[in-house]
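Notes to accompany the following structure.
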């Protein structure tokens, strides 16, 4: 507290601009201190990562769940464009310090990885269009198995017993999830017309076909990126920038070639009653992709790579539950058992990676 003399405080004798300057410094210091505390807070990092990844999946599911949705290439092109613009804005604002200038040679080297990314995100969106969020989440675990054996084939080594156990649980959870899904679909179509039953089962089969293709693309992308990233010496922001930038023309050209841009089809995909929420969802998904990348790095920095892997395993449970809550996915003994098995398999795999057993 300022000292007083003759009832007049020392602050009252200072010019107004000096008082304001002192207050600005104090406020700036408190904001910096708060930001530093948040940046190093493990709980905040974990929560931000979980919320960003869960919300991204739910928003994608919402956008592609329209009865007449058939513009996935266009959706992903807009998503990648928004991501590219967001990165450039962050760089211009000084929020990203280590993003270099565009390099044509590096872009040419990275182009095959971007093609794999396009395959991964497109097949992922198509699978999410036909499958429920819990089933999609469970089957995503199969990518881990393909990556593990891909690394054994490319680099050498072997799969340890505990990792093998986790893989067995992942396969079992996927089989149980598929069985429960087919049982639910069969029961739902038993009372429907034959045409409706055939359409429902065809959509389910399409979802599993897209999911299988997505597992292959996802594993190929992860394995390929690890090799090419050593040649380009990219950091996280470089990967995000080139992935988004190079994906835009590929996705846009694909949309122009195979998708219907007529006004009638646009009206069907973006009906008036949900147009605003769909546009907001598409915009959010573009920005959220950048936010997930930041939260991933933040989580690893504030905790450890082992904790991050554990969070990834634990995150599958609330994601599956969120899919049930927001999209009314059927709750049966089979579906719940599959979710629990998938959750346990993730924990066992994380333990195997952290202990090397």
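Using N, Cα and C of the backbone, Cβ positions are placed for all residues, glycine too.
Just so it is clear, the model here is predicted, and its values are computed rather than measured.
In terms of which side of the membrane each occupies, Swiss-Prot places residue 65 apart from residue 299. Just going by CB pairs under 8 A, the stretch in 44-64, 69-89, 162-182, 197-217, 333-352 that sits most against the transmembrane segment (108-128) is 197-217. For the topological domain 'Cytoplasmic' (151-161), the DSSP counts in helix, strand and coil order read 6 helix, 0 strand, 5 coil.
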